[in-house]
Amino acid sequence: MLLKFSGIKQIYDLKLVHTRSLEVLKCMCKHIATLDYKESEASLLFDALFQAISNGMEEFVVAVFKARPHIVNLMDTYSRTALMCAVECRQEKIFSFFCSVDSLKHCFHRQDKRDNNCLHIAGMLAPDSQLTRISGAALQMQRELQWFEEVQSIVPEWCKKSKNKDGETPSDVFTKSHKELAKQGEKWMKATASSSSVVGSLIITIMFAAIFTVPGGNNQDTGFPIFLGKKSFMVFLISDAISLFTASISVLMFLGILTSRYAEKNFHKSLPQKLILGLSTLFISIATMMVTFSSALINMLQGRWSVILPIILLAALPVTLFMWLQFPLLVEIFISTYRPGILDKTKKL
């Protein structure tokens with residue numbers, strides 16, 4: 001019961017199924033190696049291969065390819081190769097595997113029934129099943145740009161200017177198919193920047209006022225703050241200044257997002273980097289604002305910890321709530337922007 005409740009039993013069952021599936025796959029591949037073309041087609045091997053590519057089942061694709069290396073030259077009903085299918089379905093692991101095999105480089109020269117080459121396929125919109133895994137239309141647009149540029153860096157030079165039967169280059173296909181996604185990305189960016197800039201503006205107002213209304217007041221003779229010599233007061237001043245400056249930077253970044261040109265290329269680096277800096281500085285600003293509040297409380301209540309500690313714990317709630325709501329988004333944007341390329345260059349057959 002303990003193993004079941006903790007989830008260990010479920011993990012064990014999944015691993016057991018996976019291990020046994022691989023054993024079955026090995027037996028299948030031994031039989032596949034003995035089949036000719038007609039027998040392979042009759043056994044629905046080709047359909048299974050393309051379905052495995054669509055679902056990102058790398059182990060199946062690699063095992064079948066090792067058993068029948070020439071199978072990569074197969075085409076689906078649209079005359080698209082397995083490599084094109086991997087690009088169309090945005091399966092980076094399978095795409096990296098195909099690119100690691102030198103004998104498959106010729107597949108980049110292939111075209112389908114509509115004269116679309118591999119770069120045309122990369123310019124088409126990804127399936128919904130892949131897009132929905134990424135939160136936010138702007139990050140979806142960024143991922144699509146990363147895919148297009150990765151494939152563009154690999155294909156032969158003629159593919160970049162080649163036109164399909166509709167007279168469209170790969171760049172034309174990308175712009176046309178991603179027009180609606182770019183509009184959604186613009187709305188998502190502006191909505192995020194608008195709501196966050198309101199929070200930043202409120203923090204600037206509060207922190208600017210707090211620095212001139214110091215706890216304990218000022219000495220009537222000298223004009224200096226009464227608690228100037230205390231460490232807790234210095235913490236108050238420093239944290240207030242940090243909160244004010246980081247909130248100002250945050251608002252400026254969000255203002256930059258609102259006034260940016262939402263061209264396709266801006267979704268790749270420019271806009272995500274501004275959003276990362278804006279959210280990061282906003283988080284620091286909220287955290288230091290709570291430190292400012294706590295240090296002011298310590299100065300005013302003079303060691304009454306039975307009152308101070310519960311209030312400080314409550315003051316930590318806004319920071320925790322913001323982390324819970326926004327920090328996963330910040331991490332996702334950071335990873336999506338600064339992660340290595342789509343192609344895993346360490347992958348070898």
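Even glycines carry a Cβ here, placed using N, Cα and C.
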Checklist outcome for this item: Which range is transmembrane segment per TrEMBL? Of 67-87, 193-213, it is 193-213
Next on the checklist: Need a quick answer: max count of Cβ pairs under 8 Å to the transmembrane segment (307-335), which of 193-213, 233-255, 275-301 is it?
Outcome noted: 275-301
Next on the checklist: Checking distant contacts: for the transmembrane segment (233-255), what same-chain residues at least six beyond its ends satisfy Cβ-Cβ under 8 A?
Outcome noted: 193-194, 196-197, 200-201, 203-204, 207-208, 210-211, 214-216, 225, 227, 274-275, 277-279, 281-282, 284-286, 288-289, 291-292, 295-296, 299
